[in-house]
Amino acid sequence: MTTPSHAARPRPGGSPALQAWVDEIADRARSRLGTGRVADYIPALADQDPERFGLAVCTNDGQLYTAGDAEMPFSIQSLSKVLLLSLALRTHGDALWQRVGLNPSGMPFNSLMQLETERGKPRNPFINAGAIVVADHLVGAFATPSKHLRDIARTLSGNAGILIDRQVLASEWQHRARNAAAAYLMKAFGNLDNEVDEVLEAYFACCALRMSCADLAIALNYLAADGRALTTGERFVPPAMAQRINALMFTSGMYDAAGDFAYRVGLPAKSGVGGGIVAIVPGRLSICAWSPALDASGNSVAAQYALERISEGLGRWSQEAGRLAPASVS
Ligand code: GLU
């Protein structure tokens, strides 16, 4: 993917009515602050302020609506798994599925149980073991996969300031026992080509990227737009691939609460333990909500609440967007 020569990052603006709606949802979501707990199993994440809340909605025609801490970078953690998967599928195509499954695990994201009984083939690319196999593919394909992913994040979001947080990376490395156990188990079953330490380092560095809600809503808009990146106008992944990534997000993107979230919100989404959730309205919008306090499944309480309200109001959104630009709304 080439770097855009023009400043293509969408800026907040567009419809005052839609902006007011996003502000209203952010206000209501703030009433949920104070519920849930910040992840502390990665010590560098433990001091995140649970009172933070950000929301960004990006339309396929390049309007950005933001509220609260939408421009504040946070640790994207498992949201990186969407970019990792997109990059691996771009590079290796469907061959990836010989080594990673396509089904929900119904287990915590770092569980080792199925990995033993299923002979080292992770259930899907959004649990840790699955993303480690995806990272293994990228270690084989790129000299420094995490820097490559960081550069892609910069290009897709139009923000050249995106960085890997070295403190979070070091903290994850220090507390890597469970991810290392998964990686060694897969290595023992012949499902990891490269050295465990090298693969884990790449995986942790991708999780340690810092991006804001605005960065993420813009960067992942390709999933709402048949694979076409908003900032470059180029196709980042083919349309069928975008559709399949959305399907996997729908079935496996929200830890072991994917079914609950699908029932309540009905959108493909991916959650991270940094408190971010990205959701996609195919053909129309990409959304990122963030607040660090998590529920028992590891999903941000306030971010889920905001996404539920957005999903409820999509009809209203369509009406207003249709009034603004009828041709751009499907
Ligand atoms: N880096 C985290 C881990 O490996 C990612 C967890 C997540 O956000 O789901 O545990």
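Glycine residues also receive a Cβ, built from the backbone N, Cα and C atoms like all the rest.
For reference, TrEMBL has these:
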type    : residues                                              : note
BINDING : Ser78, Asn128, Glu172, Asn179, Tyr203, Tyr255, Val273 : substrate binding site
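In sequence order, Asn110, Asn128, Ile132, Glu172, Leu200, Tyr203, Phe204 are the residues of the chain that are 6 or more apart from Asn179 (substrate binding site) and have a CB within less than 8 Å of its CB. Tyr255 (substrate binding site) has a Cβ environment of 28 other Cβ atoms inside 10 Å. A 10 Å cutoff on Cβ-Cβ distances gives Ser78 (substrate binding site) a total of 24 other Cβ atoms nearby, all chains included.
For ligand 1, the binding-site residues lying close by, meaning a CB under 6 A from one of its atoms, are Ser78, Asn128, Asn179, Val273; the full candidate list was Ser78, Asn128, Asn179, Tyr203, Tyr255, Val273.
Counting other Cβ atoms within 10 Å of each Cβ, the binding-site residues Glu172, Tyr203 show the lowest value at Glu172. According to DSSP, Asn128 (substrate binding site) sits within a helical segment. Around Val273 (substrate binding site), a 10 Å sphere centred on its CB holds 25 further CB atoms from the protein chains shown. Taking all protein chains in view, 22 other C-beta atoms sit within 10 angstroms of the C-beta of Asn128 (substrate binding site). Residue pairs drawn from Ser78, Asn128, Glu172, Asn179, Tyr203, Tyr255, Val273, the listed substrate binders, are separated by up to 19 Å at the Cα level. According to DSSP, Val273 (substrate binding site) sits in a coil region rather than a helix or strand.
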